[in-house]
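J.: Marked as transmembrane segment by TrEMBL: B:7-30, B:76-97, B:109-131, B:143-163, B:184-209, B:240-261. Summarising the annotation, TrEMBL assigns domain 'ABC transmembrane type-1' to B:72-262.
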Amino acid sequence: MKRVMGAALCALLAGGIAHANAETKLTIATVNNGDMIRMQKLTDDFTSKNPDISLEWVTLEENTLRQRVTTDIATKGGQYDVMTIGTYEVPIWAEKGWLAPLDQLGPDYDVDDIMPAIRSAVSKDDALYAAPFYGESSMMMYRKDLFDAAGITINGRLTWDQTLEIAKKLHKPDEGVYGICLRGKAGWGENMALITTMGNAYGARLFDENWNPTFDSAEWKAALDMYTNILGNYGPPGATSNGFNENLSLFNSGKCGMWIDATVAASFVTNPKESKVADKVGFTEAPCAATCTGANWLWAWNLGIPMGSQKVEAAQKFIAWATSKNYLELVASKEGWANVPPGTRMSLYQNPKYLEAAPFADETLLAIDSADPINSTMKPKPYVGVQFAAIPEFQGIGTTVGQQFSAALAGQMTVEQALAAAQSGTDRTMRKAGYY
Amino acid sequence: MEHKQSPLGYISFSVFAWIVGLLIFFPIFWMVLTSFKSELEAVSIPPSFISFDWTLENYAEVQERSNYFKFALNSIILSVGSTLVGLVFAVTCAWAMAFNPTKRTKDALLWMLSTKMMPPVGVLVPIYLVFRDWGLLDTRFGLIMVLFLINLPIMVWMLYTYFKEIPTDILEAARMDGATLPKEIIFVLLPMAVPGIASTMLLNIILAWNEAFWTLNLTTSDAAPLTAFIASYSSPEGLFWAKLSAASTLAVAPILVIGWFSQKQLVRGLTFGAVK
């Protein structure tokens, strides 16, 4: 009897050990947006192909996620095996040695198919440190019906001066239509994303070659004058509270003549389930001014592996699955081509089925292709990034400067005062950080 | 001397109280209402009150995406656990301060409360490192310790205020009859302070239930409570209000029910000592 029990115990233990060996649990931190949620729902496809790997999802709001994963990776907490990080974090974290290079994505992965702009944003010394899951730039969405009624036609890429004239014509607050909707909410990823691209278009840059801030330049003055004028006079009331979602609601309910924001918005504004103006939306590139260089931003959500993770092999398998061409086809087969994560793979924009399902595909591709994080300003600059500078200090600087620009929009300070405050505050931060 | 209120004063006070009550209740009402709307209706301007297509799809989606009961169970364990552990320390501490005060007792009480004024993010990294080194990240035990410690000052204050109202003579009489210190606290002090302890426990459970900084930063999946559940439904890109409202309604429902049934004890506990 004892022998039988002993054998049974051994078998149980062996089974347990075998099971423990068989299952590698990957904890994945991600943001809550449609594409990521769709990926969670398609997890079965990955686990059926990799029965020895199980996935645990931790979905968080963007700011919470950023704080959470930054704390974890900086302290080597080891809570996550795969992290969703933006193009701002990737170069900084790769430089600090916090991210594992992605060198086992497999022979079928086709790295060369990743859009060059996005690939350069997530690479260091030609090595990929994160794989893009979806990418976006910025562009203008406009109401074709209102343009037609006002006799406005778009010939070539608009300038900000032309955009101002159009906003004046479309602005009819009595009828519930505002000329233009733009981000006014303060924050480095909110109003600063737009204003920095406006600055680029006017020939400005965040820092000169010696890391001195340049908010005291005439270019910044022209950009901020335009921003406060066009949004303050021809935008919706209370624009200082409006971020992406607020403007999306306004546009979808037919209250914006134009809206310049992320290309990812295109799928929302053309979705009849979400938008009252789904069949009346046109797309064009973001306006230029002195130059078109850097006039539209570049952002991507990417999957990376924290250095020191004990599950790098399994994590790379997962990343290869989630960011592959096959994954796009999987999403298309389950949810339709209009719902595949956009902006990362060139082959998607050569796919006639996708081009047919996504009327905004050409403009999205044009916008992403023209955004270069290395060459995004008219004058030379020392930093990487179109709408941000990929240095750790930028989050704080961007948020503070964003608040000052928001105050200028609200009329609490003049444009000159806001720029002077931005210049002195940024100068202090850069000095403290030892840049000069 | 009894002060008689005029009918006009009574009516105006009632109206004012109702207005304040409705204003406080409105966000909760709106949240529940929004949870039954479609995403488009949730953000439509002007907002629709009752005349919209009522739907349960948000609740279905929330159920499909997240394991609500796992998060709820963690919330219950963390809030009740931290309250029970806190009570052991708070009762003994408040007893010492109420019945055996020294000239520094008041200062000590104020100092305890002042720790609540420190922004938690200031100690995030040190606490995170301690948790990492002790293997407490994403564990219920670790979070119970943190929640009990951050709420301890309030528990001590509430119990201290309550104990101060209990005549010292009764405790002395028990001592004269030969009661040891533990017996004095357990058999004499605690039965007399049951209402105060009940309200302290309830308030602490609510505070721990709603705590959203440490519970988000020190958990990933195993110990994540309902605050993490709600946080997963806010989105920077795309419409999310209806689903977020459904998740929030599910998250606050248990605590609303507890609050509703225990409001008498809560109000009594919170206002005790305010009117003498």
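Cβ atoms here come from the backbone N, Cα and C positions, even for glycine.
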J.: Going through B:7-30, B:109-131, B:143-163, B:184-209 one by one, which has the most CB pairs that fall under 8 Å from the transmembrane segment (B:76-97)?
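T.: Per the Cβ count, the answer is B:143-163.
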J.: Do any residues of this chain, six or more beyond the ends of the transmembrane segment (B:109-131), have a C-beta under 8 angstroms from a C-beta of it, and if so which?
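T.: Distal contacts: 97, 137, 142, 146, 150, 152-154, 156-157, 160, 213-214, 217-218.
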J.: List, by number or range, the same-chain residues at least 6 past the transmembrane segment (B:7-30) whose CB is under 8 A from its CB atoms?
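T.: Tertiary neighbours of the transmembrane segment (B:7-30) are 252, 256.
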